[in-house]
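Since the structure comes first, as structure tokens, the remarks are kept for the end.
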Amino acid sequence: MVNIVDGGAKPAAQEMEQFLPGEGGIKYHIQPRKSDNEQGLGNTEFNPFTHRDNEHPTSDNETLTHLLKASLGTGILGMPIAFMYSGIIMGIFATIFTAFVCTHCSYVLVKCGHKLYYKTRRTKMTFAEIAESAFQKGPKWCRGFAPVAKFSILFGLFLTYFGTCSVYTVIVAKNFEQLIEHWTGSAVSSRLLICALLVPLILIAWVPNLKYLAPVSMVANVFMGLGLGITFYYLTQDLPPVESRNYLVLGTLPSFFSITIFAMEAIGVVMPLENNMKTPQNFLGLCGVLSQGMSGVTLIYMLLGFLGYLRYGEDTQQSITLNLPVHEWPAQAVKVLIALAVYCTFGLQFYVCLEIVWDGIKEKCTKRPMLVNYVLRTVLVTAAVVLAISVPTIAPFMGLIGAFCFSILGLIFPVLIELVIHWDTGFGKYNWILWKNIVICICGVAALVFGSLAAIRDIIAVYSEVAPQ
């Protein structure tokens with residue numbers, strides 16, 4: 001999951017001013033060059049990594065820490081039910097496969113960004129800017145699609161994080177629902193609890209900027225770490241034999257991939273992290289920051305998914321914290337810690353949505369921009385809460401976001417960008433880049449179609465089996 005806002009790069013005109021001589025008696029003309037090699041890939045006079053100017057650059061270890069923090073989000077709580085959907089043995093191999101594809105697509109995006117740095121003489125780019133520049137610098141037939149590509153990615157990011165905000169609201173409400181029912185002895189409506197969260201969520205959304213959200217994020221990390229630590233303790237108690245669980249379940253495998261993609265996909269994080277690195281060349285590579293971080297994330301996700309399903313079997317809940325015995329105080333502490341951690345993280349997820357919408361309208365809001373900004377914050381939070389009230393379920397909601405949003409953003413778009421960039425220079429020996437990307441696109445489309453259908457079917461089942469509360 002993404003906890004870092006995709007920061008913007010300098011406009012091309014400003015970037016060029018850094019490297020061209022100032023005005024004088026001589027007029028300088030820039031001649032277009034013929035090949036990609038000459039346009040910048042082989043230009044030794046410009047190195048985007050040495051010219052990059054970050055006020056507070058991050059080291060490799062700091063970037064690795066940020067990557068782990070961003071990737072180990074609340075999606076990890078849904079891994080046990082994902083293993084229930086796939087089977088305990090199939091879940092291991094399917095998790096590795098999903099992690100490999102997601103990591104490769106992130107690698108492809110960053111690699112394409114590095115190539116475009118040279119072509120455009122820019123030192124950093126966002127995900128949307130990479131797509132726009134790739135189409136602008138690509139073959140003639142695709143240049144007109146550059147604005148569409150940029151808008152599609154921004155719209156996809158908005159949908160992804162807006163949906164994530166709604167999922168977070170449901171997770172907080174469900175954890176408190178169990179606690180209130182245990183403490184009071186009477187049932188409580190989850191929709192009523194979601195409504196009650198509206199004011200606290202608006203308050204955290206009103207935090208002016210990320211600087212003031214940083215302490216809140218640190219608190220969330222501490223709460224999440226403590227909660228997961230206690231959860232692992234419960235999962236290792238009284239484990240049944242592996243033979244008692246299903247090894248392979250084919251019927252619900254699309255739901256597994258949807259939830260796992262939601263949990264593991266980090267496509268919105270990689271460019272902000274790379275843009276702030278002191279040595280961005282070290283982000284890629286077999287032992288680079290990306291490979292190290294995603295390897296660790298994959299192991300943790302597999303471990304929690306395996307232990308959670310092994311421990312609770314067919315009784316596994318949509319969030320593993322809901323399986324913990326509510327009558328024991330350590331389990332109660334977990335539910336409170338996880339709920340508070342998710343609440344604190346809501347502000348970071350929401351900030352991505354806010355920035356995307358605000359960047360699109362702020363030029364039209366010259367009168368009282370601060371008032372408009374806070375009204376926008378309030379409206380967006382209210383809309384997210386209304387969506388959560390409409391679909392007060394966790395796993396199908398995660399699956400729908402993972403299948404519809406992350407499959408497009410995280411799988412399909414990166415390989416399309418790579419195809420456009422390599423269109424004129426070739427796809428390698430035996431066109432291996434082309435065939436590889438066709439396979440990934442097929443996987444992405446399959447996740448999109450079958451995962452979305454499965455998630456929608458599960459949401460409909462919730463409404464058909466349980467009357468609205």
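Start at 1 and count along the chain as shown; that gives each residue its number.
Backbone N, Cα and C atoms are what each Cβ position is placed from, and that goes for glycine too.
On a predicted model such as this, the values are computed, not experimentally measured, just so you know.
TrEMBL lists 38-47 with the feature compositional bias 'Polar residues'.
Feature annotation from TrEMBL assigns domain 'Amino acid transporter transmembrane' to 61-456.
According to TrEMBL, the region 'Disordered' annotation covers 34-58.
Annotation comment: TrEMBL describes 82-110 (among others) as transmembrane segment.
The transmembrane segment feature in TrEMBL is assigned to 151-171 (among others).
Here TrEMBL flags 183-205 (among others) as transmembrane segment. With a cut-off of 8 Å between Cβ atoms, the residues of this chain six or more beyond the transmembrane segment (183-205) that come close are 169-170, 172-174, 176-177, 216, 343-344, 346-347, 350, 354, 377-378, 380-382, 384-385, 388-389, 392, 468-469.
If you look up TrEMBL, you'll see 212-235 (among others) marked as transmembrane segment. Proximity of distant same-chain residues to the transmembrane segment (212-235), defined by a Cβ-Cβ separation under 8 Å and at least 6 residues beyond the stretch ends, is recorded for 3, 69, 72, 76, 204, 304, 307-308, 310-311, 320-321, 324-325, 330-331, 333-334, 337-338, 340-342, 344-345, 347-348, 351.
Here TrEMBL flags 247-271 (among others) as transmembrane segment.
The transmembrane segment feature in TrEMBL is assigned to 283-309 (among others).
Annotation source TrEMBL lists transmembrane segment at 329-354 (among others).
Sequence annotations record features per position, and here TrEMBL assigns transmembrane segment to 374-395 (among others). Long-range contacts of the transmembrane segment (374-395) within the same chain: residues 78, 81, 162-163, 165-167, 169-171, 173-174, 190-191, 194-195, 197-198, 201-202, 205-206, 255, 259, 318-319, 350, 353-354, 357-358, 361, 458-459, 462, 469, each at least 6 residues beyond the stretch ends and with a Cβ under 8 Å from a Cβ of the stretch.
For 401-421 (among others), the entry in TrEMBL reads transmembrane segment. Only residues 6 or more beyond the boundaries of the transmembrane segment (401-421), in the same chain, are considered here, and those with a CB under 8 A from a CB of the stretch are 101-102, 105-106, 108-109, 111-112, 115-116, 127, 130-131, 134-135, 137-139, 142, 149, 152-153, 156-157, 159-160, 163-164, 167, 254, 257-263, 265, 267-268, 427, 433-434, 436-437, 440-441, 443-445, 447-448, 450-452, 454-455.
Look at TrEMBL and you will find 433-456 (among others) tagged as transmembrane segment.
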Selection from 247-271, 283-309, 329-354, 433-456, the stretch that has most Cβ pairs under 8 A to the transmembrane segment (82-110): 247-271
Closest-packing stretch to the transmembrane segment (247-271), where packing means Cβ pairs under 8 Å, from 151-171, 283-309, 329-354, 433-456: 433-456
Beyond the flanks of the transmembrane segment (433-456) by 6 or more, those residues with Cβ under 8 Å of it: 101, 104-105, 252, 254-255, 257-258, 261, 396-397, 399-400, 402-404, 407-408, 411-412, 415-416, 418-419, 422, 427
